[in-house]
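For reference, TrEMBL has these:
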ACT_SITE  SER101  active site, phosphoserine intermediate
BINDING   ASP51, HIS162, THR164, GLU322  Mg(2+) binding site
BINDING   ASP51, ASP327, HIS331, ASP368, HIS369, HIS444  Zn(2+) binding site
Amino acid sequence: MTVNRISFGLLVAKRDPKYWNAGAQMTLKNALTLQTLNKNKAENLILFLGDGMGVPTVTAARILKGQLSGQSGEETQLEMDKFPFVSLAKTYNTNAQVPDSAGTATAYLCGVKANEGTVGVSAAAVRSQCNTTEGNEVTSILRWAKDAGKSVGIVTTTRVNHATPSAAYAHSVDRDWYSDNEMPAEALQAGCKDIARQLFENIPNIDVIMGGGRKYMFPKNRSDVEYPGVAKHSGTRKDGRDLVQEWIDKTKDKKGHYVWNKKQLLSLNPNNVDYLLGLFEPGDLPYDLERNSETDPSLTEMVEVAIKILRKNPSGFYLLVEGGRIDHGHHEGKAKQALHEAVEMDRAIGRASLLTSIHDTLTIVTADHSHMFNFGGYTPRGNTIFGLAPMLSDADQKPFTSILYGNGPGYKLVNGARENVSTIDYQENNYQAQAAVPLSMETHGGEDVAVFAKGPMAHLLHGVHEQNYIPHVMAYAGCIGQNREHCLSRSGTAGLHPVLSTIATLFTVTRLLC
């Protein structure tokens, strides 16, 4: 797609200063309406986490979204672009300048920064050292919400016991302890629990759990229901437990349903489901570009079912949604996979917006970290995001793609020189974009990530903050966890309008002085 495909009439209009002035004035009028802040109580709390979705990924996904619908792309709005408040989060871990997904998950879910590789424990815990777990556990906003009587859910395109979701319920000094099969003998002997086991034991009755990771729930070598006889997909558990059957037995009289494919999921009537466990793959879910639309649900489909189940609770809900394979695409240098994952997550954000209201639902979209991904090269308007820059390198006289990585598996020499990308299919789904430094896996980036917010108290996310600030804002908006004072009336009961009024503020000060 090139700039020639932009409609002629629109192109002419955009040459006129009136077009840009009118658009800016409309944006200004919308901004002025934000002076009336939404200080309602957030009955519902939703966090969309794009794993590895740095700002360059957001911009490139915006262009891709537009181009997928036949537009130039640059002027397109992502669903998250429509959120009225945007801030930046500093992503470093307590022991890492460039973070990993475990330490960051602990920050935006538990409210404290932590060491890389650890989930649900403070920085006093040391990675892989089981004996540093006890006493250093930190709880998550999912638990705070559950304790407050809300329904809670986790939806991810990765394994449900992967780094991001596990910080919502687990306390593990090693993010890789998916099941007891991946744990060292000394850790098991010392009493540490694998993450899959903690999913079902730490926080009783998580209402909705959907993602991959099926093999970690079943006894070692048990054949997978979808891939019978394929050893790599068979059960991994050495303790012989069938965690899925245990869950089924526990919830069978509580409107609990276990599903492992799309047909089963979409055949459910959410009104007749109170608990849902959906494990759709032995490991991670497939990339959206490779997803079998007959057997595997999309992130959007999972989110819709989750919200329809959770919103039945009159006390509201907390939902964590992870677009987790954005990160995997980037690590593999496969920008096309990563960006299509980001576009799919944006569709899920749009679906969630249709199913909720900004009056009582705080929705936040952010990333845990960035990647060594970028695009440039003075490309013209409408240039396909996966296309070539409009020039040759003045160093080796070869073309180059707009998308490049700072490091990763895309580094390739042919006869001692950089590969000529015009000789290969650089728009193929699994093309690995060229990288400056050779690595088997591309690395994370260390820059700040964007935080988009809408709904009650969304204005508290402004400026530049530490990443661990995010769950504190969500808890404050929802009157859960340690942030309840402003929600109480003089009688000590929950106020009907938990707004930061002058009276409420004075009451809080009075109580603190007493």
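The backbone N, Cα and C atoms fix where each Cβ goes, and this holds for glycine too.
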Notebook entry, point to check: Taking just the CA atoms, what is the gap between SER101 (active site, phosphoserine intermediate) and HIS331 (Zn(2+) binding site) in Å?
Noted result: 13
Next item on the list: Sorry to bug you, but what's the C-alpha spacing from THR164 (Mg(2+) binding site) to HIS369 (Zn(2+) binding site), rounded to the closest Å?
Entry: 12
Check: Going by C-alpha positions, which of the binding-site residues (HIS331, ASP368, HIS444) is nearest THR164 (Mg(2+) binding site)?
Finding: ASP368
Margin query: Using a Cβ cut-off under 8 Å and a sequence separation of 6 or more, which residues in the same chain sit near ASP368 (Zn(2+) binding site)?
Written below: LEU49, ASP51, GLY52, THR91, PRO99, SER101, THR104, ALA105, TYR108, THR164, VAL449, GLN467
Checklist line | Listed in sequence order, residues not in ASP51, ASP327, HIS331, ASP368, HIS369, HIS444 with Cβ within 8 Å of the centre of the Zn(2+) site Cβ atoms | finding: GLY52, ASP100, SER101, ILE326, HIS330, ALA367, SER370, HIS371
Note to self: Give me the long-range Cβ neighbours of HIS331 (Zn(2+) binding site): same chain, 6+ apart, Cβ under 8 Å, in sequence order.
What the structure shows: GLY52, HIS371, GLY408, MET441, GLU442
Next item on the list: Round to the nearest Å and give the CA-to-CA distance linking HIS162 (Mg(2+) binding site) with ASP327 (Zn(2+) binding site).
Entry: 12
Item checked: Distance from GLU322 (Mg(2+) binding site) back to HIS444 (Zn(2+) binding site), taken between C-alpha atoms, in Å -> 17
